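As structure tokens, the structure follows; a few thoughts come after it.
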Amino acid sequence: MKTIDELLADGVSGKRVFVRADLNVPLADGTITDDGRIRAVLPTVRALADAGAKVVVASHLGRPKGAPDPAFSLAPAASRLGELLGAAVAFATDTVGRSAQDTVAGLTDGQFAVLENLRFNAGETAKDDAERGAFAEQLAALADVYVGDGFGAVHRRHASVYDLPARLPHYAGYLIATEVGVLKKLTDDVKRPYVVALGGAKVSDKLAVIDQLLGKADRLLIGGGMAYTFLKAKGYEVGISLLQEDQVPAVTEYLERAEKQGVELVLPVDVVVSREFPDLKAKAPTEHSVVDADKIPADQEGLDIGPKTRELYASKLADAATVFWNGPMGVFEHPDYAEGTKAVAQALLDTDGFTVVGGGDSAAAVRTLGFDENAFGHISTGGGASLEYLEGKTLPGLAALED
Ligand SMILES: Nc1ncnc2c1ncn2[C@@H]1O[C@H](COP(=O)(O)OP(=O)(O)O)[C@@H](O)[C@H]1O
Ligand SMILES: O=C(OP(=O)(O)O)[C@H](O)COP(=O)(O)O
């Protein structure tokens, strides 16, 4: 993989450099609640601008449906990038249209632009190679060189991640180089006990990785929205909790296999339940209670792990030599459901082992709940990406940067 250092050594002055970043930051009412992913790309974009490049930054945000949707605009991220850089950042109100073309054409050497959300174009995420390729062609017309630095999205076979680098000279940015360097340690020579904690809401994406992790980790702790598919597989009722019904048979098989292979697959023994999902903006106190994991009422949903589970998970993390954690244990954005995530974050800090936290929301949780991010071994900007890397999968966005 050629890195940005080689690009800088060859000289990049006057060239239009397309930086595929992951600026998929959490937003509340249009305000960024954690800017970690924007800060993570600063070394790359600064180095390029200092070398005289015209820096065109592009990213997705959220999961809009292939058409413009103001709720998913990258404008707030563009303005935060400008504040962090202390420089003007031009914003194109489309991705490959007139605004993007004019904005890029208007850049002088060392200046920055951000394009509107790549996922406003259906071609970005299209399954069809030709459709993605056609969008990649339009993106390629905006640049001379490609720098891949959106680690959080390298597991996606999307136009800007996979098809575009094939059309331009391509290099890995500093963030991707750093992330891969750290995660490699967890695949090459992992110190044991190796404990993986999984939670979050992208359940269908992440259940599949458990298949591989069963062969790698010594212990798997399951929390967050992921836990309810497991509890259902054990035969418990889960009320109106997040549930991936179609994956119950696969999860039943994971439970059996874990037992056979001597992998500890640990599930919540109690959960915090409520009749409704909390208002994450107002954060007003909610009605909630703690119930055993096999007693979730039919009209309620599990929104956090309970106090007995917090203690159990802390004990399962205490002697870990390596920990990988992706996915909040509960709806941490609301104080009534943040205790499980806090307990797991604290347990990571209490171990002597090497700790990696991965994922946009997990990293945001650690910071917004007041933990010192430097106290963890590594905070990865990618959740799904790091999980798939640890599985040993070939990631499209990394493969595209090789050669
Ligand atoms: N029990 C739950 N029910 C619904 N959502 C949950 C639950 N537990 C956690 N979440 C949500 O999961 C989201 C993060 O999930 P995900 O995107 O998979 O994590 P990451 O970005 O760290 O990879 C958070 O917004 C959190 O509110
Ligand atoms: O937030 C992200 O992934 P993560 O939640 O697994 O960390 C990335 O920006 C990828 O987003 P996607 O899962 O909508 O493709």
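Positions of Cβ are set from backbone N, Cα and C atoms, glycine also.
TrEMBL labels come from automatic prediction, so no person has curated them.
According to TrEMBL, the substrate binding site annotation covers ASP22, LEU23, ASN24, ARG37, HIS60, LEU61, GLY62, ARG63, ARG119, ARG156. In the three-state DSSP assignment, the secondary structure recorded for ARG119 (substrate binding site) is helix.
The (2R)-3-phosphoglycerate binding site annotation in TrEMBL covers ARG37, ARG119, ARG156. There are 21 other CB atoms within 10 A of the CB of ARG156 ((2R)-3-phosphoglycerate binding site), with all protein chains counted.
Among the features that TrEMBL reports, ATP binding site is placed at LYS206, GLY302, GLU333, GLY359, GLY360, ASP361, SER362. Around the Cβ of LYS206 (ATP binding site), the number of neighbouring Cβ atoms within 10 Å comes to 24.
Pairwise Cα distances among LYS206, GLY302, GLU333, GLY359, GLY360, ASP361, SER362, the recorded ATP-binding residues, top out at 22 Å. The binding-site residues recorded for this entry are ARG156, GLU333, SER362, and the Cα of ARG156 lies nearest to that of GLY62 (substrate binding site).
Proximity of the binding-site residues (ASP22, ARG37, GLY62, ARG119, ARG156, GLY359) to ligand 2: a Cβ under 6 Å from the molecule is found for ASP22, ARG156, GLY359. For the binding-site residues ASN24, SER362, the ranking by surrounding Cβ atoms (within 10 Å, all protein chains) places SER362 first.
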